[in-house]
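**Q** Pulled from Swiss-Prot, these are the listed features:
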- 14, 202, 204, 239: Mn(2+) binding site (BINDING)
- 5-268: domain 'Pyruvate carboxyltransferase' (DOMAIN)
- 394-512: region 'Regulatory domain' (REGION)
């Protein structure tokens, strides 16, 4: 008989804290549905008390998700916890995840509280939360750098008050696998009521060991929940990567002896969706989901794989969702075929109206591009104009003129709160001219800190996926746009970033 390892995904909360990774409510909802399709056990949907936007996102996900537990983060105070409970009240399965820092450094410098005050606040927070929902997770922030004696007191206290999951974060990615695993093990052995809660690990990747540390926490420490994100998304160097930890446990089941409930065939679709939504491109050599993860360039390797796949492959590409048949649709494909492919890719649009809009855009793309790939479809449905969420700025059309030796000029038509406007400008190139044309009307004053182009598929017909990162008043957002015309994709990306810049509320920083 084997144990089950609980997969707790925090892409929508901790992952979104990565600079520029802000997502709209509808984007979060699409990703949450994909996570449910992936059979993630717990989805941390956000930090409900941090902003009205986050509250609405958590609330929408709690209503939509039926099988996974939906969780909201909350600081260890009554206001945050009550706000989380309110956002989660329609969830089939709700969890409140409350936290307070326990390291001497954090208590003294950040909280300006004594250890006894922190202990009491943790006690009161879990007691209050337990009266609102049954499933309570407690995290001692910066737990790995906390004094073990004090940490034992805090954890024993919150378990006694009803905490059902104890999560021990390596908040700054300082841990080493063997040391972290033994740290968890020693806590469990020293705390008398440790068996009354499930133990969890949450590791950051600052030293490149988030996955290794998480696995050590499971194997050595006895943890039975891993907190992770799709593509390892997260602030600084990121978080533990869901796809890597899941495939490590499944591939080396002989060593870990654990079951995971993840439907791994949806991993690649989830990775693509998160990448195209946030604008964070997956590196080609990324384990499991990188474009080269199952590629063999060496002649010796190629020969071996052709003779017997297991000579150089420890898992099958199709088991994680890589499709051998890349070309899926064309200009003669009908609405039902398009809708079926969306379902196969794990994409669920909210209404028939959204499917109709997406299909119209698909037909428009098919008239310009003979072969439609999965990546094209995911980029298409990631377009903000497909969803029902109202955006301040929307792309309509673009015309540009450029000749060798002359400054290019662009004229763009776009909507502002539903009304069409036309603006023109010259620039150093057609992309520069199009963005200056937008700014000539909008006058956002935002600084562009990143511009990148990624080919969605491999031919000269490929759509270009452009990421634009804007910074204004301390806020950083990414906008993504896709089109076979790079200039049009750039304009779409710029407008997407402006939408996020306009809608992004000031958030309370949530570490952990």
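Any Cβ shown, glycine's included, is placed from N, Cα and C.
What's the neighbourhood like for these features in this structure?
**A** Counted within 10 Å of its Cβ, the other Cβ atoms near residue 239 (Mn(2+) binding site) come to 30, all protein chains included.
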**Q** Tell me the coarse DSSP state (helix, strand, coil) of residue 14 (Mn(2+) binding site).
**A** coil
**Q** Under DSSP, the region 'Regulatory domain' (394-512) has how many residues in helix, strand and coil?
**A** 31 helix, 51 strand, 37 coil
**Q** Non-local Cβ contacts of residue 204 (Mn(2+) binding site) (under 8 Å, 6 or more apart, same chain)?
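**A** The list for residue 204 (Mn(2+) binding site) reads 169, 170, 171, 172, 173, 210, 234, 236, 237, 238, 239, 240, given in order along the sequence.
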**Q** Helix, strand or coil: which one is residue 204 (Mn(2+) binding site) in, per DSSP?
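**A** Note: residue 204 (Mn(2+) binding site) is in a strand by DSSP.
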